[in-house]
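Taken verbatim from TrEMBL:
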BINDING   Ser49, Ser50, Tyr51, Tyr52, Gln53, Asp93, Asn142, Gln187, Leu312, Trp334  cyanocob(III)alamin binding site
DISULFID  Cys62-Cys104  disulfide bond
Amino acid sequence: PHTGRLALYLLGLQATCPPLSPHRSLVTWLKYYLEEEWTGSQQRGHPVSSYYQYGLGVLALCVHRKRVRDQVVQRLLTAQQHGRLGHGGNTVDTEAVVALAFTCLEQRRLVGTELAAKLRLAAHEASRNMAKAQGPDGVIGNIYSTPWALQVFLATGECQTEPAFDQAMAALLENLEAFSTAATMAQVLPVLHGHSYLDIASRHCGEEPDTLTPLDMEPLPEVPGNKTVQLVVECPLPWCYDLQLYDRLVPVPASASLLDVLQAAAELDPREFRFHTQDTPQGPFLTQVLGLEARQEKRNYWQILSAPSTPLQMGIADYRPPDGATVILRLSEW
């Protein structure tokens with residue numbers, strides 16, 4: 001598994017109060033992956049995966065009370081100080097994960113005094129950046145980044161004094177239906193109970209009941225009838241010769257998600273429209289449209305907008321555009 005996926009697995013495993021050390025080899029593997037990320041950042045100027053996964057790896061090892069070499073942590077600190085954190089057009093979730101990792105290392109005293117002081121300052125700087133990134137609707141970054149930001153406010157103790165905390169929490173409560181996958185639920189549930197991922201390390205497992213039982217998820221109800229969605233693909237100059245590369249009405253069932261709309265467009269004419277996605281813990285992520293691939297090293301991504309200019313707040317498998325909606329896929333820079 002990638003660094004981030006293994007880190008999330010180890011965080012989840014620790015949260016379930018497992019028997020003593022059933023996953024020691026996995027922690028060792030995560031330390032190995034982090035070393036690979038550090039080497040990659042030296043050679044390429046960025047980690048092998050992303051700073052988001054790099055930060056998750058450091059956080060997971062800290063929660064497991066494992067030391068990380070100062071050089072590995074320093075590389076992450078340098079990236080934060082020079083504004084090089086970037087993830088899919090939105091830096092809030094990446095900066096929040098990194099701030100949680102810094103706070104954990106400082107609070108658990110897993111680094112020296114001098115480095116701990118730098119990490120504390122960096123975490124508070126990240127917290128201020130998140131407050132600045134809050135929109136008028138209370139959302140910080142986007143709805144999925146908001147729980148990460150709230151975890152930072154909780155972990156650093158700024159939830160009592162930062163006005164952005166209450167506003168973001170209110171926005172979160174108004175948009176809980178957006179958190180429909182296991183990965184997104186795992187981000188929002190600790191916040192709703194006033195906790196962050198850092199609290200996993202200090203849980204008292206002796207009285208924890210066995211609650212790990214399968215949950216049968218009821219499928220979403222089918223909506224009768226059909227709808228039509230206007231699908232538009234845009235690519236700005238100088239990347240492309242024409243700003244608008246595709247514009248077509250796509251008929252789909254009334255309950256279709258945006259992913260269903262994309263698949264229907266591809267079936268209508270595979271030569272005219274094609275796309276690729278990448279599986280992530282949050283669901284499928286759009287990576288390529290009409291042969292144009294979004295790449296981290298090019299600092300671009302496929303932004304999804306509800307016309308004329310409202311960024312999509314849900315994943316393509318979760319968002320169900322209404323009848324007559326216009327959805328824009330736009331190759332954008334972050």
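Every residue, even glycine, has its Cβ placed from backbone N, Cα and C.
Shown on the structure are the features that TrEMBL records.
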{"residue": "Ser49", "record": "cyanocob(III)alamin binding site", "contacts (Cβ under 8 Å, 6+ apart)": "His2, Thr3, Gly4, Glu37"}
{"residue": "Gln53", "record": "cyanocob(III)alamin binding site", "contacts (Cβ under 8 Å, 6+ apart)": "His2, Thr3, Gly4, Ala7, Glu37, Pro47"}
{"residue": "Cys62", "record": "disulfide bond", "contacts (Cβ under 8 Å, 6+ apart)": "Val68, Ala101, Cys104, Leu105, Arg108, Leu110, Ala201"}
{"residue": "Leu312", "record": "cyanocob(III)alamin binding site", "contacts (Cβ under 8 Å, 6+ apart)": "Leu258, Ile304, Leu305, Ser306, Tyr319, Val327"}
Report task. If we count other C-beta atoms within 10 Å, could you say which of the recorded positions Tyr51, Cys104, Asn142 has the fewest? Result -> Asn142
